[in-house]
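*Asks:* Copied straight from Swiss-Prot:
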- ASN67, TYR486, ARG582, HIS610: ATP binding site (BINDING)
- ARG393, ARG423: Mg(2+) binding site (BINDING)
- HIS453: active site, phosphohistidine intermediate (ACT_SITE)
- 703-736: region 'Disordered' (REGION)
Amino acid sequence: MDSEQVIAIEEKKGETEPASMIAAGPERFINRELSWLHFNRRVLEESVNPHHPVLERVRFLSISANNLDEFFMVRVAGIKAQIREGITERSPDGLTPSEQLGLINEAVSKLASDQQSIWRDLRGVLADSGILLLDGKDVTKAERAWIEDHFLHNIFPLLTPLAIDPAHPFPFIPSLGFTIGLQLARVSDGRPMNALIRMPARIDRFIRLPGNGRDQTVRVMTLEQATSLFIGRLFPGYHVKGQGSFRIIRDSELEIEEEAEDLVRLFETALKRRRRGSVIRMEVDSSMPEELRVFVQRALTAADDEVFLVDGVLAMNELSQLTRVDRPDLEFVPYVPRHPERVRDHGGDIFAAIRQKDLIVHHPYESFDVVVQFLQQAARDPDVVAIKQTLYRTSNNSPIVRALAEAAEAGKSVTALVELKARFDEEANIRWARDLERAGVQVVYGFLQLKTHAKLSLVVRREGGSLTTYIHTGTGNYHPVTARIYTDLSYFTSDPILGRDAARVFNYITGYAEPSDIEKMAVSPITLRKTMLEHIRGETAFAKHGKPAAIWLKMNALVDPEIIDALYEASRAGVSVELVVRGICCLRPGVPGLSDNIRVKSIIGRFLEHGRIYCFGNGYGLPSAKAAVYISSADMMPRNLDRRVEVLCPMLNPTVHQQVLEQIMVANLKDTEQSWRLLPDGSSTRMKAAKGEEPFNVHNYFMTNPSLSGRGKSLQESSPRRLTRRAERQQSQQSS
């Protein structure tokens, strides 16, 4: 049964069955994997968005390909493992692992085909813009001579020709390894031989040829094309009978034993095993001779349904390298983040700025430097006595790590929770942990069974004969690089209650002291799920008693069945539910009798939406100064609520509360230029401004308007709420 049939059946059920039956059955959920593929389709659609410069469109295409690679490494690998183990347990939406895999393969086939079609179109747009991708037949004599010289000096020394025969068995190919397969024949006697050339991973995929000096035209050739021109240099005495490229993806899930004496060594061993995970996808250039393809497939023990013929370019995730060409006119205009004005008002003293009033910093519109500055100032301030920090992901040469090391070397008490289980950052985190330990930092690794995903810093400072606790908590990682492109929130406060709560969270992580006396925050896996359900059910009760009831939630993924069912119940009670979900959404919006009052949108644009914001009207509707407003590191997924340490932090200060609710959330709900409306079948359609309504772009808005918790006086006439009211007045005047 294909995906269209499944959707048609589900739509028919939604039309003919009572809502009570739908609510009780698996039909009320959208399949998680198919929902993710719908999300990646939205990312891919940005590569055909004519409003984006062409190199940004190439970047979106590359991102969609990279996303798909990771999806296979983790999600598809997990489903295949279930099938191998004979597991037939159904997903919440009622599909067995085998049924899910069939639907995934069908959807991926269409997605991958569309990626290639879009790439062919983009090549034409690039050519029209003066960026030409060359085949071997396209180069001039002079260019071929230059390529040969470049090949001999910069590529040839990195290549190892690998003959395959009884004395030279088929070599190990790493995950994402790009390889040229060859059918050769010896010139002297015609004796056949198969061979491989693995493309080196640490050099650029695209080679830029010298310009002619007369115009801006950029001429580019791929590494594999250049290598193919000079295969004779690698296999002298042989001629090529057939060739083709292939690329593999391996299972990248880590298997961790529950009993371990040394967690670091355990992870080092597991990482070595992961490099040799089984092949789950083999992409093959469709021009490769069948005999050669079968030879490679058997050597890699890839099943027939794991082999994908590609009529186009392999490793599309590497297309982002093309954006390095010096053509700023073909990219987004660079954006320089603002620095919070209140910190400037205090001469850069971050502690003085926080003492004056709580502060929300909205990344990437406001600089992540203020987070780095918070820790650097703490490291150098003689009155700071202790620092505690969680690290889930950070950047190479991280200023966060340097600040913690500097603080320890200055004699301060520094504790760092380094999460070894951060997927694909495990090796980097082991390295950071050892660097920090050498500097004198007390490094802990949290729980074996739980990932610590909370974003939390705590600084204890001696002030006026007593100790003051300053905290930073946020929705994003302590990663200065991703903070330039991810939308996230950083919250700074010296509120003593939140300071005590943060200290209890750290005690929980470092000493297993379960925080039963937390006052304002909520922590998973202990109280976060309970807190969310209490608020959702509270709004349901308000609606049933005729009071205003509203829920606004912004997150990356909505998967948890219990949370979804609570939202369905709220909708049936009459609660207005507005959801902004960037990625996976297993909730079906707009189903009569089930989710009539739930609207779901997804924002895909220049920046990656990453912040989690949870707002509840509290009996007053939304927006309201009396609403309950939180930010969090947690999405609404079982893993976040039950298998991770996460923090849900309330916005208690009125200015911060207003900024998050009435500026940030309202702007996200108002966006029409980058938003997609999710439909009951799990697909989505691009939103458009209503007739007479001015289009609104949330990213452009925040790039050009200051935040409330900086100083924000200039915001009063241009806030999203004010703009909304103005538009409503104009529509009212037009209709009258």
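Glycine is treated like the rest: Cβ placed from N, Cα and C.
Each of the listed features needs to be described in terms of its position in the shown structure.
*Replies:* Sequence-distant contacts of TYR486 (ATP binding site), defined by Cβ-Cβ distance under 8 angstroms and a gap of at least six in the same chain, are HIS363, PRO364, GLY476, PHE607, LEU608, HIS610.
ARG393 (Mg(2+) binding site) carries neither a helix nor a strand DSSP state and counts as coil. In this view, ARG393 (Mg(2+) binding site) is surrounded by 20 other Cβ atoms within 10 Å of its Cβ, with every protein chain counted.
Over all protein chains present, the Cβ of HIS453 (active site, phosphohistidine intermediate) has 24 other Cβ atoms lying within 10 Å.
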*Asks:* Given the recorded positions ASN67, HIS453, ARG582, tell me which ones have a C-alpha lying within 10 Å of the C-alpha of ARG393 (Mg(2+) binding site).
*Replies:* HIS453
*Asks:* Same chain, not part of ASN67, TYR486, ARG582, HIS610: whose C-beta falls within 8 angstroms of the C-beta centre of the ATP site? Give them in sequence order.
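*Replies:* Surrounding the site, in chain order, are ASN556, GLY583, LEU608, GLU609.
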*Asks:* From the Cα of ASN67 (ATP binding site) across to the Cα of HIS453 (active site, phosphohistidine intermediate), what is the distance in angstrom?
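*Replies:* A Cα-Cα distance of 21 Å.
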*Asks:* Could you tell me the maximum Cα-Cα distance in Å between the residues recorded as binding ATP, namely ASN67, TYR486, ARG582, HIS610, rounded to a whole number?
*Replies:* 16
